[in-house]
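Taken straight from Swiss-Prot:
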DOMAIN    3-82  domain 'GS beta-grasp'
DOMAIN    88-340  domain 'GS catalytic'
BINDING   Glu109, Glu111, Glu171, Glu178  Mg(2+) binding site
BINDING   Glu276  L-glutamate binding site
Amino acid sequence: MSIKAEYIWIDGTQPTAKLRSKTKILSDGSRLPRWGFDGSSTNQAEGHASDLVLEPVFSCPDPIRGGDHLLVLCEVLHTDLTPHPSNTRALLRPVAERFAGQEPIFGIEQEYTFLKGDRPLGFPEGGGYPAPQADYYCGVGADAIFGREIVEKHLDLCLAAGLGLSGINAEVMPGQWEFQVGALPPLEVSDHMWVARWLLHRVAEEFGVTASLDAKPAKGDWNGAGAHTNFSTRAMREGYDPIITACEALGQDDKPLEHVRQYGTGIEDRLTGAHETAPWDAYSYGASDRGASVRIPWQVEVEKKGYIEDRRPNANVDPYVVTRLMVDTCCTELARREQI
C-alpha cells in the first residue's frame, strides 16, 4: 500500500519564517528517508547552489488524509548535512540536552487571527469596525464569535494527529482565537506547535480564510496576538524560591532586550503597555499581573510552587527560539544557585 508522507519544513523568509510542505509517496512508512528541495524558491539558497536537504525529525498520523498517511516535520540541512542557518531547531537541541536534568517543560498559548481579505473575520465587510472589545473573549453567540467551525475542525485534526493540545478559547478581538500546546519538554512542544500551525493554515484554506500570526493585525484599540510561554523546571514545580530566581534571571543585565529582540516580528507594536502587555523596553514580573513581562499565576503564589508565564513572545515567535532562550537563561541561573 502506498503511503503519502507530507514533508513539512520551515523556510528562510524574513523577518518571519513560513511553513512549506510537499508530498512523498512511500511504500513503507516505517522508514522516512531524507529528501531534497529547491532552496532558491524558499529564501534559503541561491540558484547556483540551490539543493537543500530535508531531515525527518518528527512524524505523526496525517489527520486530513487519514489511513496510514503521515505528516513529517523536518530540519533543513546543507548537502554536507550540516544545519542550515534557518534551522533553529538545531540550536535548541544542545541546550535542551545540556539542561535535561532540570526537567524543563513548556506550555505555549498560540493566539492567531482569522482574516478575510485583509480584515479580521467579524469586522464589517467594506469598512468600519465592530463593537468595542468586551464580549468576544470566551464568548458565545453569532454576534460575538467568528470562525468557530474552523477552530473546532483544527482541534479535532490536532488531536487525531496525536499532538499535545491542551485547550482552545476565543480571544479578546473578533476573529481572534487561541490554542495551547503542552506541557511538554522544549523540543517536543516546539515540534508539536509547528505541526499544529501547519494544520491551522491547512484547514483555514478550506474555509477561504487566512490564519494570521501577525502580532498586531488590527491597529488601534484592539488586542495584539501573542504566544504566552509557560515554563517550569522540576525545582520550580517543587518550590517558590526557584520561581523567583527564574523571574529575576529573565530581567538580569541585557537579558530582557536579548529576549524581546528574538520574540517575534512587530514586538514594539504589540508590547506597548496597553492591552494586557508590558512595554517592550521595560522588564517586570508579578503575581496575577497581566500587565507584567512575566506573570506568576495566582495559584502558584498561593501554593508556593509551579510555573511562570512569559507574556512577551509574539504570536509569530519561533517556538524553537523562545524555548531555547528561556531554558538557557533560567536554567543557567538555577544551576548557579544550586536550585536544581
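Yeah, the Cβs are placed from backbone N, Cα and C, and that goes for glycine too.
Positions of Swiss-Prot features highlighted on the structure.
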| residue | record | Cβ neighbours (10 Å) |
| --- | --- | --- |
| Glu109 | Mg(2+) binding site | 22 |
| Glu111 | Mg(2+) binding site | 22 |
| Glu171 | Mg(2+) binding site | 21 |
| Glu178 | Mg(2+) binding site | 22 |
| Glu276 | L-glutamate binding site | 16 |
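Cα to Cα, Glu109 (Mg(2+) binding site) and Glu276 (L-glutamate binding site) are separated by 15 Å. The average pLDDT computed over the domain 'GS beta-grasp' (3-82) stands at 96. Counting in whole angstrom, Glu111 (Mg(2+) binding site) lies 14 from Glu276 (L-glutamate binding site) by their C-alpha atoms. According to its DSSP assignment, Glu178 (Mg(2+) binding site) is in a strand. A separation of roughly 12 Å, to the nearest angstrom, links the Cα atoms of Glu171 (Mg(2+) binding site) and Glu276 (L-glutamate binding site). On a Cα basis, Glu178 (Mg(2+) binding site) lies 15 Å away from Glu276 (L-glutamate binding site). Report note: the Mg(2+) site is defined by Glu109, Glu111, Glu171, Glu178, and the residues of the same chain whose CB lies within 8 Å of the CB centroid of those residues, excluding them, are Gln110, Tyr112, Asn169, Gln176, Trp177, Phe179, Gln180, Ala225, Gly226, Ala227, His228, Ala315.
Sorting each residue of the domain 'GS beta-grasp' (3-82) by its DSSP state yields 6 helix, 39 strand, 35 coil.
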